[in-house]
Amino acid sequence: MTIDEQTPAAGTVGLKASAACWLRRPRSRRELIDRLFAVQSLFALAVVFAVAIAASPTRNGENLFLSTGNLGNIVRAVSEIGIIAVGMTFVVLLGGIDLSVGAILGLSAVGTATLMVDSGLGILPSVLAVLAIGAAFGALQGYATARLGIQSFIVTLAGLQVARGLARIWSGGLGIPIAYGDGPKEAPPAFEILNGSFNGVVPVPAVLFLAIGVAAIVVLRTTAFARHVYAIGGNEKAARLSGVPVTRVKVAVFAIAGLLAAVAGVVHAGQLNQGSPNDGAGYELDAIAAVVIGGTALSGGSGSMGGTLAGALLLGILNNILALNNIDANVQLLIKGLVIVAAAALQKLHRTVA
Amino acid sequence: MSEALVTMTGITKQFGGVVACRDVDFTIRAGEVHALLGENGAGKSTLMNVLSGVVTDHDGEITVAGTPVRFHRPADAQAAGIATIHQELDLVPGLSVAENLVLGREPRTRLRLLDRRAMLRTAREQLRQLGVDLDPRRPVGALRVGEQQLVEIARALSLDARVLVMDEPTAALADAEVRRLFATIEELRRRGVGIVYISHRMEEIEAIADRATVLRNGGVAGTVDPRTAGPGEIISLMVGRSVETLFGSANAKTGAPLLEVDDLTVRPRHRRPGRCEPAGATLTVRAGEIVGLAGLMGAGRTELLETLFGAGAKGRRSGSVRLDGVAYAPAAPRQALRRGVGFVPEDRRGSALVLGHATGRSIVLTALHRLTTAGIVRRRRERAAVAGKIAELAIKTPSANVPVGALSGGNQQKVVFARQLLAGPRLLLLDEPTRGVDIGAKAEIYRLLHRLADDGMGILLASSELPEPLGVCDRIVVLRAGRTVADLPAATTDAAGILAAAMGQHSRPTRESA
């Protein structure tokens, strides 16, 4: 492929429409399509939302899907995967993949329960220790891929086993229930806040997810660090020759992914009132699905955090509406698989057209 | 005159409001090499994309052997006997030469299994017909670029190609490989194949082309006989004006020594085949001076520049390097950049740019830390810096948000320069800075180099096109097998002098040129 000639069409590749461009009327159908695709994951989210409303069962004339309780359930259910997916987005933008996040979630849930219940630590020290472990675990993986030059797929595949093993050893292989109270072997009742909601409407984990997501969007848009992530993902050699501190950035990105997986682990322990070493199995794949539906290229260097947030919500709504309609769990899996392929195909189609 | 294999008449193609081709007539006759010339953006690629069925919604007519045709997809063009040898070759590196040659048409045994013997026989026969001496069992990935190209040509011919389009076939070839390619082209010509030859190298056009058609701004500027026309006429057809001083004038004022390399030798921890690390390199670059780095392919020019930028092979080093009189041994590009050394690598797409990323972002990548407060990029300062460099280097782009990949080769290279200059270097290391750049942008880059040198920057320029260092540089350092073998003033040297030094006094030219 040569891009030597003046091919205006090539100008649309991976371009985000600027604000000024949005205020103008689209000059052609081609441009209109481009604009829709610029926010395609939001667009897809809106479509799925609309379909969900239409497909929702009703009780006494009330749309069950739209009920406050149900919407709360959706964002609560989405929040753990969503938080993990935020970290995964950084890794995928870098051109890597992190398979260990589900296992780190399990390790962190176990850690949270053990430290609070068995070791009798307070909330803050327990949580901080767990987050530190998650971040350190991620950083170590980042260092291994950067310095040893092993693909992150392999490093984190190994990390998955290690984290799962650590979780089993730490917990003795059993789930550790969290009882609340002031006595020994009881966790501080304040930790139960993760099970609660603001005003009884907005679940606390969802707010946490939203806050982390917004912070990540800001980081990706404004920081030099983010530019470095995109540069490495686009062309690592070029990034290195341009003076990007490649090792440092990789370590930081995997540390972020580990840290956010640990956050999700704490949330998980709080929501289930226990920490089990098998928690979070397969979550890494759901997180990757959210990233892919959000339009981030697995090859690295292009994509957005907003897309991932929309992708995570889309998967949550899908799960919810299928469950509301009592669709068989196995059939649910099937439908989810088709949606992921459809999302990827849509992006491919757009790139080919452009 | 021999028959016309393909006639293109009145080809017109617009992209949006931009006319890429305007009423172009182009014929390819049997057994001729027809050079297609023009600056980047002149319409060469579009015209060839029309010919190969990539661009289908064009005006005008194509006839193949007298019959009007309409291509709807690349496969149609292939079926009509038109094959394109791209710069990026379409071979599977992990498969053998033979497997690549029969790819998609593998001979089968009666049991529908792969018939290896028949495959090897066919492959040998195809290579032999082309006069190519290659073991068909070798994996393509282990071949040199030039050999891969020959495999690609053999494959095109096995698909009954009558017309071959070659897009800058010599861009990545060593001299010996170029000679081999030309011998193959000669053989193709004898067999009545028509060849469209796209190149920026004037001396090649003179050597092998029967006709040269020059495109300018999408239209035909003229068709000439390159053996009589001479490069001056062709260049003025390309740019639409005469270019007297392509290289600009050498400058006289030079200052204190900036970079002093004395007997630099690197013994790499891991020896990699095909690389020639510095082994006794000695040179000085003064402030305000442009020093050329010449030598045959594989003489270690790139490796020396990489070592000086902290991007070379890791290993034990001896000898001394001083920058501004202070010891200088960068272990990573970051350290080199911090000391005020910039580098423009040879492979623009592979080592410098992310083609999908916006032009503005590509320009600020290296100097980002200077546009940042507490880790946050200051957008206004960034925009100002980008706009400044786009204006200063006259980078032709609709906006700073356009992906670099959509710019022409010359403008992509200017983006790489802009990125380096924004970081404010005092010493600039350039590796083939005008490769794949059209002649207009070349002249601009040379002017820029002189201006930078006048401002006191030191420049070390490695080039494999001898006229370049001869025209641009003050002095030329010649490397051979990683060692400095000559340090010549450009004013009193010619190509023959450089070549003699590069090949060694007791000339055994074939060994190093391989």
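Here the Cβ of each residue, glycine as well, is placed from N, Cα and C on the backbone.
Annotated features, as they stand in TrEMBL:
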- A:32-54: transmembrane segment (TRANSMEM)
- A:74-94: transmembrane segment (TRANSMEM)
- A:99-117: transmembrane segment (TRANSMEM)
- A:123-140: transmembrane segment (TRANSMEM)
- A:152-180: transmembrane segment (TRANSMEM)
- A:200-220: transmembrane segment (TRANSMEM)
- A:249-267: transmembrane segment (TRANSMEM)
- A:287-315: transmembrane segment (TRANSMEM)
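Between the transmembrane segment (A:152-180) and the listed ranges A:99-117, A:123-140, A:200-220, A:249-267, A:287-315, the one holding the most Cβ pairs under 8 Å is A:99-117. Long-range contacts of the transmembrane segment (A:99-117) within the same chain, counting only residues at least 6 positions beyond its ends with a Cβ under 8 Å from a Cβ of the stretch, are 80, 84, 87-88, 123, 125-127, 129-131, 133-134, 137-138, 141, 153, 156-157, 159-164, 166-167, 170-171, 176-179, 185-188, 191, 257-258, 260-266, 268-270, 272, 274-285, 287. Here the listed stretches are A:74-94, A:123-140, A:287-315, and the one with the most C-beta pairs under 8 angstroms to the transmembrane segment (A:249-267) is A:123-140.
Within its own chain, the transmembrane segment (A:74-94) has Cβ neighbours under 8 Å at 101-102, 105, 138, 152, 202-203, 205-206, 208-209, 212-213, 216, 220, 229-230, 232-233, 249-250, 253-254, 256-261, 263-264, 267-268, 271, 280, 283-284, 286-288, 290-291, 294, 296-298, 300-303, 305, 308-309, 311-313, 315-317, 319-320, counting only residues six or more beyond its boundaries.
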